[in-house]
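Have a look at the structure below, then the notes.
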């Protein structure tokens, strides 16, 4: 028969029942003999000792109440195992004592019917009940119990202590086992709310029935492959404790396990409790005696607030509990609200205040560890159960709580002192990777070198029912990293290549909100692999569904291009000056030469003014005039002078003589010095510092931001770089340009770049730095952008996350990662490229080939001019011979003429004697004729001399 049946019988028979009052212990004074306002507390307590304590402290409260205006007394009875009798006693004492509040202790059989009976009366007549013993979770439900205020926390809040303790121990995965009853479900729900969106992941919540097979239950949870947690929280009924704990011991699930049980089981004195169990229990200061004293203080503080209340509240003639009436006390709700808002500072059990459910906010728990069959305190926890509505609000409240745990004092299952990992570590891990130089080098075959290579088969993508694999051998940066991790963390692994050769990108079909990942990420999420070790970028999109370790490689995005070479090697020495400047210099040389010639020619002090003339005898007394100045400044010597000054060559002859020409010569020398110095400086800049370099400046280059048809660039489709450009608004134009040109693999893109089918390839910096180190014709352009990192990927909350992260951080500190960088990324192998950054460039033959060709041209011009000079000389000698013949003929003719003249003179002298007058006349005519002939001969001789010289 349940309590409600008892209650129905009670209200039918109560008017005819003569109540037994032998158990009623009245207060020390009669309530109705004082004129002061007074309050009676009704005590439903466990024993006479508790009744005595209540009476003593109510009398004490009378002497210290404010202004001595409130008299606080008590009327009590001892609780019975029969809830119907409890109800009847409440009605009788309440009606006689006019009690306005009830303090309820623990029932004799510790069942919930004791407080249920009391709460039934209190709810009906709106009388607040302060319970100092009952901790059942169901009394926190205000849908059924509206006037209960508890000074002890319900078992529900031990979930807060579990949560704080697990966080303190740094466990991240738990399995929760709870009984199929109201209390078990409420505790499980509370823990689930706290763990939501936190770093604690509940891998499984297992509810068991009253007739459950515990052997099967524990075996399934501990052997299931997908369950990694080794931290088990058990909330069980007292009657199930022995069997459940015995199964755990029998299955030998002790080492590397953490077992946490609920308070009722922990304090049940079960013989099945084994060493290493953890749990919490309420501090022993929360006993009924101390709580009873704090309850009286709380009620005094509450009633003190009604000091100025209406007199009807203090009226002693109107009982608050009148079981002969169906009317409730009108001030009960006001008194209950004031109780919830009341508090006691520094009570015996600590500070007292309540949340909206009427549960105590602050409580003190002891953390218990079973050691040698005894309960040993290894810490304590002071809770804060303020009202919260979301998991984040509750966690913020819990973070303010106080937890002290001495981990060194804990003995773990199987008598171990070392704290268990709390996770089931897989010792054979399936690892997926992808071919990507220099991180993974792949070659076909199964004859792998065990010192450097690992077998990594790849599944064939076909429609065959039976899976077919191709065998490959893998080596590289990631293989060395995997082997070092395996050695340090003591796990075995099997490696395979991703079937579709993709890193992993997600796509949504239509309105479907479910993500579908391909590539390595898809295999990881589909449990085809446990771990990804590859150059996989940590991106926001991937981090939503998978979890990464600490980065093993920090990198960014850069651009790979082919080096540009000089297009005019033959004219490299002409690059310091523009074409127009060269033309001006050449023109200046010839103009200055002409001006120098003219200045020296027309100056009175020039070398074209002859100082003296001398006669050269030509036989028979004939003379030819000749100039004695051999270094006169003619036009050719003026050109030689200007070129000599410009080219800094020695000038031995043909220098200007006049002052005006010399002034111009000095100005020209200054001009030549400036031009030669400028040319030399620019020549060093163009030739010594002229190195093959990138054709673009970086990501902000105009040819990338403003797409051109003759300049193509791309990345790998579906990669993290592709997603980066898709995500960045400023690169939207570039993304649209590349979208139709992207490659399936980086290898295809790099090959097209080498073959000049692609102008620029945008990809992760480690791979492009490796390619630039291997091929001297390739170079990375600009600074890094879109900085990110590579990490090892696992499923969410995987047990290997923390161990792998710690190992990677250790590798960074020891320099192991730097060693891998130098060995695999920056190593040039057998090919040594010139270091463009630290040493000056060395001039090559093709840089100075134009100068050598100029010298060769000078040699050819010299031989050509030599041929002209030889031809001219021969022509000149021929003319000289002709002139010599003519001169000899002329001299021979002149001699004959002279002889003839002599004979004529002799003949005429003979005739002169005969004919003196006639002879005189003829002699005069002949003399004139001879003078004319002599003048003609002299002119011919001078002309011949001029032709010769």
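Just so you know, glycine gets a Cβ as well, placed from its N, Cα and C.
Annotations in TrEMBL come from automatic prediction, not curation.
Source: prediction; values computed, not measured.
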Matching range for TrEMBL feature annotation, transmembrane segment, among 562-580, 581-599, 600-618: 581-599
Per TrEMBL record, range annotated transmembrane segment [choices 848-872, 873-897, 898-922]: 848-872
Transmembrane segment according to TrEMBL, located in which of 621-643, 644-666, 667-689: 667-689
Overall pLDDT for the domain 'Ionotropic glutamate receptor C-terminal' (451-827), taken as the rounded mean: 80
